[in-house]
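Listed features, source Swiss-Prot:
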REGION    1-79  region 'Disordered'
COMPBIAS  39-65  compositional bias 'Basic and acidic residues'
COMPBIAS  66-78  compositional bias 'Acidic residues'
MOD_RES   Ser143  phosphoserine
MOD_RES   Thr180  phosphothreonine
MOD_RES   Thr266  phosphothreonine
MOD_RES   Thr275  phosphothreonine
MOD_RES   Ser279  phosphoserine
REPEAT    384-416  repeat 'HAT 1'
REPEAT    418-444  repeat 'HAT 2'
REPEAT    445-476  repeat 'HAT 3'
REPEAT    554-586  repeat 'HAT 4'
REPEAT    588-620  repeat 'HAT 5'
REPEAT    622-654  repeat 'HAT 6'
REPEAT    689-721  repeat 'HAT 7'
REPEAT    723-755  repeat 'HAT 8'
REPEAT    855-887  repeat 'HAT 9'
Amino acid sequence: MNKKKKPFLGMPAPLGYVPGLGRGATGFTTRSDIGPARDANDPVDDRHAPPGKRTVGDQMKKNQAADDDDEDLNDTNYDEFNGYAGSLFSSGPYEKDDEEADAIYAALDKRMDERRKERREQREKEEIEKYRMERPKIQQQFSDLKRKLAEVTEEEWLSIPEVGDARNKRQRNPRYEKLTPVPDSFFAKHLQTGENHTSVDPRQTQFGGLNTPYPGGLNTPYPGGMTPGLMTPGTGELDMRKIGQARNTLMDMRLSQVSDSVSGQTVVDPKGYLTDLNSMIPTHGGDINDIKKARLLLKSVRETNPHHPPAWIASARLEEVTGKLQVARNLIMKGTEMCPKSEDVWLEAARLQPGDTAKAVVAQAVRHLPQFVRIYIRAAELETDIRAKKRVLRKALEHVPNSVRLWKAAVELEEPEDARIMLSRAVECCPTSVELWLALARLETYENARKVLNKARENIPTDRHIWITAAKLEEANGNTQMVEKIIDRAITSLRANGVEINREQWIQDAEECDRAGSVATCQAVMRAVIGIGIEEEDRKHTWMEDADSCVAHNALECARAIYAYALQVFPSKKSVWLRAAYFGKNHGTRESLEALLQRAVAHCPKAEVLWLMGAKSKWLTGDVPAARSILALAFQANPNSEEIWLAAVKLESENDEYERARRLLAKARSSAPTARVFMKSVKLEWVQDNIRAAQDLCEEALRHYEDFPKLWMMKGQIEEQKEMMEKAREAYNQGLKKCPHSTPLWLLLSRLEEKIGQLTRTRAILEKSRLKNPKNPGLWLESVRLEYRAGLKNIANTLMAKALQECPNSGILWSEAIFLEARPQRRTKSVDALKKCEHDPHVLLAVAKLFWSQRKITKAREWFHRTVKIDSDLGDAWAFFYKFELQHGTEERQEEVRKRCESAEPRHGELWCAVSEDIANWQKKIGDILRLVAGRIKNTF
């Protein structure tokens, strides 16, 4: 090492070092260092100046920043997250530590940027590829077409004509064409000038003229001159039919020429020409570029791994989709050579090949893969003769005797006796197949079937179907007492073998037994598994749900078994007895229902509804004394029951025992004086035309129950029937003072005033009623109808709009609004109504009537069915439905609607109640009321 060399040489100078400053030297410059002088207007060349000091503009900005001491620190320039928009320290000196801090921040930013760089670049690349895929360049769109230019020969290139100056000649020299229509007189004149000239103009004979001999002279008939054409006498009109025939003839000639051509490889069939054109349309919807990419990718996979079966299958299917079936066949056959042990490749090859070739392919596959079941199944499917199928399957069973699928396919082709023999062998080869054992048991006799099932249980002790089949076998042969034992033994045996008893699966098996007609088996299964896996407090609820589910699945015997078991567990539960009674009423016989009700009232004597159901069942069958005895027993169990009193009164009045009914009502008024008892007493006297007695009873009832609106309504209606309008008005007004929220009372009073002719008073009453009962759709509807009946349709529409604003979910208002619209707007209104009230029966009924008015019979019937299904208690829906069937249905449909209505027993509906509650119709049956209401309907909507 050189000791004379100073250690600081080659090192950077310390901060603030100025050369020569320590020895007192000062720097100086000469003119050669500065350069020549510049003019003030010359551009400043400060390229080598430090940033911020290069130009005059930079100096001005610096001076301005120095002069501008107060920054913009207003609230509008402040952000909670970023602070002020500008730097608070921009006017301060930029020192070394600031530079170091900026370098650290820059390094951090660079580091963070590098961490996300790969993911960001990948995302940007995917976005660019997606954009290029959605919006490819024109160059990319025509790239596949440009590749075909390589196939153009040099002669074809040279034969392309030069464009020359004609390229833009029309644009450079515009020529304005004038098109003038030819007058009709021109065509008429030339069509009529078809005469022959019989003389020669003398001017034509000068200079030798036409008579001068001329080689092939002009007198010689000119080719085409005398043929049909210009010399043919004109007819005055064009024959378009002949023009069409000529065009067809020309097309036939061209097709014939092509079909007779032998220069090409194919010959065109004229008859199938258009069909062939349609078949040439490609069936795939992918882009041609995507197909080419997929083809290249699959080719690469095949070359990289030629023993990969999915690559060959995918390649063949790609060619098949693109319409190149022969290429697909060639590829898949090459695949069978490269992958001879792949079952999927052989099956795909058999699928792509035509019939005979496919058989050969399958035969070759069997030689390579003699143990594969699907190949044998495919071979059997390719055979058309039953004997050939049997031969193939038997050959397959020689190689694969333990295949259940092959045995099943072979047995299906045999006759019953041969199938039984084959199944005997099948269960030996496949002893764990439940299906084969059960199939053999079905074909055997009773004794042999029992032996077969016993062997099946020995081989498969964990399957429930064998036990259930054994129970069904015993039931089918009359041994019903064994069914219960077999099912109980099955539960015990399965649990002993570690099988979990799945309650849902057993219930499904019971439903299948029910549908198959094995009633005892399904009931035994239900009794055995109904209580498994259920908490004690959830039993009742779960069992009722199970019963409903069975009814929905049409497994009625299963539901009956559930109710029977539930009644044994809960004998004192009224709700269970009621559910069972309703089930028996809908799905059982009258005798079973009455027996059930007798047991029910014995366990639940306080359940009034059970007594009433029993009495009604007897009454409907015409056994009035039995109904009376049931009600007498009900009185003993429920001495002061209003329902039983009224049921007894109805029974006597319906059978014309009016004195008995009066005595019963008198006893009821003394022992159980309720408002309904008084109301029935008044109505009985009213319908018997004992007006005075009815009025006295009504006054007595009102002294006890003045807040019961139906009594006031009956009082007013009796006065109205006697034409005592003032007294009727007074009765309604008194009733409204006591019952201001009774909508029927308001309606009766308003209709009374309208009947008298006091429209102004009617409007006032309805407005007052709406104030006392806001959001009441019935009152709004009556107000709208009042204006409509008065002929003020504009006011009616205005009121309807207000009503829908106050009651936007009212079905009766929407149904009325539909038919207030003009016919073209009704459909739109009905759509709005369905959006607001999708499941309201009034809206559904209005839609059905709308379809009816448009003569869309099928749709109208569908909507009527939907209406009565949603609300079977709406009598108006049944009446309109019955009227519809009277006009457009058969007698069977009419009878069906009537019977369904009688079973539903509707009680509500505006038109229905107007007829059913009329005093003149008090003894009418449901069917009679239905006919009366339907007779009043006029389909003028």
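The backbone N, Cα and C atoms fix where each Cβ goes, glycine too.
Owing to the predicted nature of the structure, the values given are computational and were not obtained by experimental measurement.
The average per-residue pLDDT of the prediction over the repeat 'HAT 8' (723-755) is 92, rounded to a whole number. The Cβ neighbour count for Ser143 (phosphoserine), using a 10 Å radius and every protein chain shown, is 12. The Cβ of Thr180 (phosphothreonine) lies under 8 Å from the Cβ of no residue that is in the same chain and 6 or more residues away along the sequence. In three-state terms derived from DSSP, Thr180 (phosphothreonine) belongs to neither a helical nor a strand segment and is classed as coil. Mapped onto DSSP helix, strand and coil, the repeat 'HAT 5' (588-620) counts 27 helix, 0 strand, 6 coil. Counting residue by residue with DSSP, the repeat 'HAT 9' (855-887) contains 27 helix, 1 strand, 5 coil.
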